[in-house]
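Taken straight from Swiss-Prot:
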type: TRANSMEM; residues: 38-58; note: transmembrane segment
type: CARBOHYD; residues: Asn80; note: N-linked glycosylation site
type: REPEAT; residues: 96-118; note: repeat '1'
type: REPEAT; residues: 119-141; note: repeat '2'
type: REPEAT; residues: 142-164; note: repeat '3'
type: REPEAT; residues: 165-187; note: repeat '4'
type: REPEAT; residues: 188-210; note: repeat '5'
type: REPEAT; residues: 211-233; note: repeat '6'
type: REPEAT; residues: 234-256; note: repeat '7'
type: REPEAT; residues: 257-280; note: repeat '8'
type: DISULFID; residues: Cys279-Cys290; note: disulfide bond
type: DISULFID; residues: Cys307-Cys400; note: disulfide bond
type: DISULFID; residues: Cys379-Cys392; note: disulfide bond
Amino acid sequence: MSDSKEPRLQQLGLLEEEQLRGLGFRQTRGYKSLAGCLGHGPLVLQLLSFTLLAGLLVQVSKVPSSISQEESRQDVIYQNLTQLKAAVGELSEKSKLQEIYQELTQLKAAVGELPEKSKQQEIYQELTRLKAAVGELPEKSKMQEIYQELTRLKAAVGELPEKSKMQEIYQELTRLKAAVGELPEKSKQQEIYQELTRLKAAVGELPEKSKQQEIYQELTQLKAAVGELPEKSKQQEIYQELTRLKAAVGELPEKSKQQEIYQELTQLKAAVERLCRRCPWEWTFFQGNCYFMSNSQRNWHDSITACKEVGAQLVVIKSAEEQNFLQLQSSRSNRFTWMGLSDLNEEGTWQWVDGSPLLPSFNQYWNRGEPNNVGEEDCAEFSGNGWNDDKCNLAKFWICKKSAASCSRDEEQFLSPAPATPNPPPA
């Protein structure tokens, strides 16, 4: 009985295993089910390990990609710094300044993403070199200081005597030398010339500008008188005055000596006044006539009256040489100056104050487009480098003209004082 039961139990065990295989290792109750599940544990562990390893490989594969991106970004930063260095080397051009600004903008964006300390150090070195290069440019304060120095220099140069005035003084002394050069003794001529040279140097050191101008006027008047010296006795008298002047000039440093020089010049003026003068003081001699250039302004009719009061007339131009002389005097002072020409009697017919008509050859002296009679312009003036017509009631400077005096060679004539001629009264 027992023998028949054992084969039957074996058959039941085999049947149970087949059922388990058909169900895919499905858990069932009983001891056999638990043993089957425990038998497949290593396979589950291997599956979990494979999943974890795959995740790690995916993460590792991402690291080289980010590193390569960082390296490429560092290369871009280095290239930008190289371009910036080259741009600083050519800093003088405005386009390069703009390029540097762009490079700095890019540098700012790149520095914000710097990952490695070594790149930061390299950028710091480049910035240090850039600072050194920029440091060689002139500082704004230095530029301002240079500008201030130039301003002071301009102001100092502005206080120097005008070149034209210096040239004029030199020309006056040259003419005076030529006049004195006609003295009989050659040795005396040389001595006088040397004295005038010393006098010129001494006058250049006088501190007071007003005193210099006064001495310049005295020398101008002396030139006018000496230029027409006919008598040996008068030449000797002037030579004596220059000798006295020499003694004063020789000790110029003291202020008292400067005053002494001024007194000597005053005495010299008094001596010259005893000579024959073709023109009064403050009048200018030219080709046998004397001319007075006013320092005040009047209208055209009052200018005629002012000239008549001193025995002259508002200037009438008779030659091209006279026109050139008067035009130069007017343009040099940059003044609008009346002349004795108008078309008051008949519009378009120009006449001088002495009644003579304007010659056709003189029409060339009108400025372009003149006379145009805009607003009843009937009187002529010196304007710029030519003539212009303007309203007669306007106040302007004026020029008087009269014939120069004739000098006799009689000694008594030279010893007698020249008649005093008043200047036109101020307006």
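Backbone N, Cα and C atoms are what each Cβ position is placed from, and that goes for glycine too.
From a predicted model like this one, the values you see are computed outputs, not experimental measurements.
Structure coloured by features recorded in Swiss-Prot.
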residue	record	CB count, 10 Å
Asn80	N-linked glycosylation site	21
Cys279	disulfide bond	21
Cys290	disulfide bond	20
Cys307	disulfide bond	24
Cys379	disulfide bond	26
Cys392	disulfide bond	19
Cys400	disulfide bond	25
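Here Asn80 (N-linked glycosylation site) is compared against the disulfide-bonded residues Cys279, Cys290, Cys307, Cys379, Cys400, and the shortest C-alpha distance is to Cys379. Separating the Cα atoms of Cys307 (disulfide bond) and Cys279 (disulfide bond) is a whole-number distance of 15 Å. The separation of Cys290 (disulfide bond) from Cys392 (disulfide bond), Cα to Cα, is 25 Å. The predicted model assigns the repeat '5' (188-210) a mean pLDDT of 58. When Cα-Cα distances from Cys400 (disulfide bond) are compared across the disulfide-bonded residues Cys279, Cys290, Cys379, the shortest belongs to Cys290. Across the fold, the C-alpha of Cys290 (disulfide bond) and the C-alpha of Cys379 (disulfide bond) stand 23 Å from each other. Secondary structure from DSSP puts Asn80 (N-linked glycosylation site) in a helix.
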